[in-house]
Every structure is written in structure tokens, then in C-alpha cells.
């Protein structure tokens, strides 16, 4: 009934073929629920989506203190919606870009008579389904709080969450589509990588700026000054929409609520109706880049230099060095791996600045103040990206190539695994951490830098030890589809929690005599070495199914 | 049917920019009559798959003019796509679906009436000996079984023109015979077959006309009888026209390195 009376006419208005959409969408959902590990991935564990939802719910608990503390609902809701939009935007960028441009599906659908609008709308609806599940899980604790405290405002809040996620999704897709009009297909994928990093920075930066627009006189008494430019800030629209049912009909609230609705619906109209015409061209450019890469791209004299030299120091066998080189080559060229890891590096850099909580108005005092504080401990937090980078090591788009492990001696494959793991940690974690250690040394002094070294080693230990615990499959042997939708963000959150625990441990060490930190470094180094040795000597699980 | 099914004029396609620019197609001119089986052959990297992808709407950024069934490809893409079939060289299927589900989805996209869909899918699956696997997930299928599904998907809409890019890859001898038989019958019904491959023996046997491209240009076009000299096979014609040699030096070096 709803389908016939509301959805189908709406689809027609957008220029989407309703029958095509219903068939494709239902098939996509069916396929997602059917994905199971097979063949080479038989040893891997399937992470259930239910667990992830639960995890997002737990993370959503961090939003509760905000709702309790801030009196003005417009303020607390604005921050809440900003958080939701940050999560939606970053999840879309990191996890769903490949779903939007799905190359394999392009081969299936582009030669068939399906319109660009229908294709784009179907992919958006598919992505929006997962984004909605994630954002509703995330905002579940807040929803319950709002239901209890404000009653009826619970329903507009739920609608607001949907509209905010939709709007964020449309902004990201709108950017992609606009960019596709400007950039040659050849460069498009590379630009997407940079764009992902850039937008992540903008989103997170905006997230930090938002609280600064409020007139802060103690957290509980924050108030929202309705300057003209406040109406231009999207989270405030959705907050205004929800607040309308709490504070009553005020002109500012009505304007914000209307903006929230119009921006989301009109955004959908603009993206699907106006920008979608170029979508199949964008997709064909993707296929083109694929074709071009396969046929003509040469790897010309890539210098291994320092990495190769360093591998001779840290790798214990020639097979481990092979694993190191193998991982280096793949991570350098695998666009999807880069799409997942690089934005996270951007996160890490921003977080390390944000955690210092700089006061830009009074920088001189700020440097003096932080030198007397223990804010350097926050740098350890960026270690979460080390854990996540290592955890995605087994995923690839072509696991078939891992047949090579089947004919190699188990001892050799183990060494390849440990070598690859060393490379990931060295390549994606060490440079940023080294910089932070130097920075800590400069601002705080040698002892504080030693604490950071201890934190880094604890993070590495957890990463390597965690991999032996999980019985991680061999590098690049599991299809990327097995990384469940939303799973990547989930891993990031778990890793953040773990690094939080490590910060707690190092904080504990700072309260003890100095020599304890040196002892910790020594002991942890031994354990890291043992953990690597455990990976090198692990028993291989025999694969029952070959492909 | 003798009217032109496909007219290609000055087709050019390049990848890359600046010094990395590589022109894959350097001005292809071709006219294909309805009901013909065209064997489109050439060495690796000659531009065969690129031509097919352009004709099927997978690649859009090209120079030149293409008409399919009298319609301009740029202006009437949807109409053309509903009248063509495409069997890609890659195994592009929704692996976690069953053949029934996958083919039904394609039937919906082609707007084939529901009453006809089941009957058509069943008869095609039976023809290829796949009916007993109709409700099994395709991720457990062998390469040959997937290839059969790709071929069925390429003809499910009863297309006027069928583009096949290495369609026999992974098929056993019996299946190859089936496909050859099917293509011949489709051509008898007036369908145009655009068959891109480097399997010379099959091309030689089924094609009415052979178009040989090398380095992005057509270097030979005619029937097999016209192209061959004396009693040479198509393979020999191919080697002669594309300048392939026996590479004795390279083969000697390779065997030495293996020892």
C-alpha cells in the first residue's frame, strides 16, 4: 500500500524506474545476507552484524553525558547531530565508496537497459540502509534518554537522525558526482583517495569547530546564539527540527526544521534527478581505469631503498623479507587498501592535534600550560590505526591468488605472515609515531618521550598478540566482501577502546618511579618478540575447501 | 536480414594523458550486416575488448560514430541496450545468487513479461545442461558453469545483436560444440553475432567474416577463404599478418633459465 501510494510515485518523480529498483534492491539485500566465508576463507571468522550493532549502541553511550549536562536541548542536539553526521560521513567515505562505484557490478549492469538514475538511486538506497542501521544503533541510548525526558520529541528525533544521515550521504555523493564532471576518468580514482582524506579532515575539523560557536559559560549553561550563519550549519537544522517539539513553535525553530526537511529531500532530488545523468559515465570511467591499469600500467623502477634496508634488520629470515616486500608492494598499489588506511591516517593526525585541545586565541599560554600537563599521553591514542591497519591485512579483491600458500611449506607461509605484519606496522604506524615522540621530546622532555615509546610498544604488542589470538588468516587471502558492511568502522571503535586502555596503563606508569618505564619497554619488547615468534611457529589450520 | 546492424566510423579510444597517453583504437571503420557472424580477432592488447566494451556501453569516452540497428549509440543508448546481448570476458555475475534468481533479475531489467521469463530461463538452462543447478548458489560453480550462465545472460533478452568476448573460456569440448551450434542457429534466425576471440580454430569454423585488428587498426577484413593463402589455417594467417615470429632466441633463453 505504502509502496504503491508513496514510494512508487516518489521514485517516478525522481525519474527512477520503480520495478528495476525494487528488483535490484531486494537482490542486493538478499546477497548481503548470504555472504559467507568460503574456500580459502574457511578459517576466517564471520563477524555478525548483530554484534556490530550492539557495539555501536555501546559507543552511543558516550553521547549520554552530553544530554544530561547541557540544559539547552538545541545545543545538546546540535552536538549530537554533529557526531552522527561525522560518523555517517566517515563511514560512507571509508566503507561505502567502493559500494557506490562497484566495478564488478558495472560489468553486469552497464550493458543492460537500466537508467543512470535508477542505478544511482539503488546504490544510494543500499548504502543508506546500512548507514541508517549504524546511525540508529549509535543514537539508541540518546533516543531512550529523549523518550524518557522529552516524550513526544522522540519521534522527530528519529526522523531527524534519518534526515541527517541522508543529508550527509547526499553531500558526499554530490561531491563525488560534481568532481566527476571536472576530473578526467583517469585521475578520478586517485582524486577520490585524496578527497576521502580531505573530507575526513574537513568533517572532523568542523566537528571541533562546532562547540566553539556556542557561548560557553560552563558546560551546563551553553546556549545557542542565533547569528545568521548559525542557520548555515547542518547539525543545527536537525537539532532545530527535534527541538521544535520541545521548545514549541519559534520562528528560528520553524526555519531550521524546514531547512532540515527541504535540504534532505531537495538534496535527494538534486543528486538523483540532476547529477545522476553523469553517473554511468563515472562508472564507465572506473571500468576504463580498470582496463587501462590491467593492460598498460607499468611499475617503473620503484625504489625500495630504505624499506629494503630496514627489512634486513627487522626480518629474521629471507622468507620473512619476502612477506615484507609482498605486503609493501600490495599496500602501495591496492587502491582499496589505501582507501581504507589513508583516511585513518588523517584521523590520527587530526586526533593528535585535537587531543591537545589547543587554545588558538592564546597560544603562548597554551604551550606553557601543556608543558606542565600530561596531554602527551593522548598521542598514544593514535595507535588505534596500527591495530586497524594490521587487522585488514588479510583482505583483498583477489583472494584466488592466495593458492600459492597452499603449495608452500607452512613454516614459510607463517614467516610471510609475520614479515607482512612487520611491514604494516613499520609503514603505517612508525613514521607518525616517530614524529610524535620527537614532538613530545621537544615540548615535554626525554622522560615523557620514553613514556610515549612505552605506549607505542604496548600498542604494537597488542596488535601482534591480538592477531595470534584471533588466528588471523594469511595476508591477502580473504575476499574483501567478508569484511562486513560497517565492520571497518567497528574495528576502528574497538581499537580506539583498546588504545584507551593502553593510555590508562601508561598513565599508571607515569605515577611510578622513572625506571619502571624502562623496565616496561624492556619487558614489552621481549613479549613483542615472543608474539612474532608465535606467529612464525603457529600451526596451520588445514583448509577443507579449495576455492 | 541484410541491412547494417552495426556501423563504426573512425572509432578512436585512448587511455591516459600526456606522455602516458596510449591510443588503443586508432580509427576503426567497420560495417556489419544483420545476420552475420563476425570473428573479431587480434593479438593481446590489440583493442578487441575495448571495441566490444564501447559497443555495449561499458566505455563511453570515445571518438567516432557508432550506429547500432540504425540508431546512434550516444543518442539512443537505452533502446540499443535493450536489443543487444553481451557476454563479457570477466566472470561478472552476482555469485551469491542462484541462476534462477540472477536470470530473473536480468529478465526484469529487460522488462520481459513474467509469464515468459520462467519458460525462457528453464529452456536456456536445459540447453546448457544447467537445469539441475538452477537453484544452487553460483559461488560454488566451476569456471565453465559460470561461463554458461554468462552466455545465457547474454541472450536472455533474445537480442538482435550479440557481443561475445572470449565466450568459450573455461568450457569443455561438449559445451564448445553447444555454443557453436547455438551461435549458428541464432545467426540463421537473423541475429548478428560479434565474436571476439583469439581461439582461431573456432573463429575459423563459425565466422562468415573475419576482421583482424592489430595495434588499434583493422589490418584484414574478409571471409576466411579470402584471407588464407594456399592451405594455410587461420592461425597461420594471423601469425603472418600480425608479424609474429617463432621467437627462437627467447625460447632458447627461457629453457636455459629453467635448467
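Each residue's number is its place along the chain shown, starting with 1.
Using the three backbone atoms N, Cα and C, a Cβ is placed for every residue, glycine included.
Because TrEMBL annotations are produced automatically, they should be read as predictions rather than curated entries.
Taken from TrEMBL, the feature transmembrane segment applies to A:53-70 (among others).
Positions annotated as transmembrane segment by TrEMBL: A:77-101 (among others).
According to TrEMBL, the feature transmembrane segment maps to A:127-148 (among others). Below 8 angstroms of C-beta separation, residues 29, 49, 52-54, 56-57, 59-61, 63-64, 67-68, 80, 83-84, 87-88, 91-92, 96, 99-100, 154, 157-158, 161-162, 164-166, 169, 242, 485-486, 489 of the same chain, each at least six residues beyond the ends of the transmembrane segment (A:127-148), sit close to that stretch.
If you look up TrEMBL, you'll see A:155-179 (among others) marked as transmembrane segment.
Remote same-chain partners of the transmembrane segment (A:228-248), defined as residues 6 or more beyond its termini with a Cβ less than 8 Å from a stretch Cβ, comprise 73-75, 77-82, 84-85, 146, 150, 152-153, 155-157, 159-161, 163-164, 167-168, 210, 213, 254-257, 259-261, 263. Per TrEMBL, the feature transmembrane segment maps to A:228-248 (among others).
Taken from TrEMBL, the feature transmembrane segment applies to A:254-276 (among others).
The transmembrane segment annotation in TrEMBL covers A:341-357 (among others).
Look at TrEMBL and you will find A:377-396 (among others) tagged as transmembrane segment. Residues 44, 327, 330, 334, 337, 340-341, 344-345, 347-349, 351-352, 355-356, 402, 420-421, 424-425, 428-429, 432-433, 436, 439-440, 451-452, 455-456, 458-460, 462-464, 466-467, 472-480, 482-483, 488, 491-492, 495-496, 498-500, 502-503, 506-507, 510 of the same chain lie 6 or more positions beyond the ends of the transmembrane segment (A:377-396) yet place their CB under 8 Å from a CB of it.
Positions annotated as transmembrane segment by TrEMBL: A:424-444 (among others).
For A:450-469 (among others), the entry in TrEMBL reads transmembrane segment.
Annotation comment: TrEMBL describes A:490-509 (among others) as transmembrane segment. A Cβ distance under 8 Å defines the sequence-distant neighbours of the transmembrane segment (A:490-509), meaning residues of its chain 6+ beyond its ends; these are 47, 52, 55-56, 59, 344, 374, 377-378, 380-385, 387-388, 391-392, 451, 454-455, 458-459, 462, 466, 516-517, 520.
Only residues 6 or more beyond the boundaries of the transmembrane segment (A:515-532), in the same chain, are considered here, and those with a CB under 8 A from a CB of the stretch are 418, 421-422, 447, 450-451, 453-454, 457-458, 460-461, 464-465, 468, 509. The annotation transmembrane segment is assigned in TrEMBL to A:515-532 (among others).
Note on the transmembrane segment (A:155-179): residues 77, 81, 84-85, 88-89, 92-93, 97, 100, 120, 124, 127-128, 131-132, 135-136, 139, 142-143, 146, 188, 191-192, 195, 199, 234-235, 238-239, 241-242, 244-245, 260-261, 263-264, 267-268, 270-271, 275-276, 278-279, 282 of its chain, located 6 or more positions outside it, place their CB under 8 angstroms from a CB of the stretch.
Ranked by Cβ pairs under 8 Å to the transmembrane segment (A:450-469), the stretches A:53-70, A:254-276, A:424-444 are led by A:424-444.
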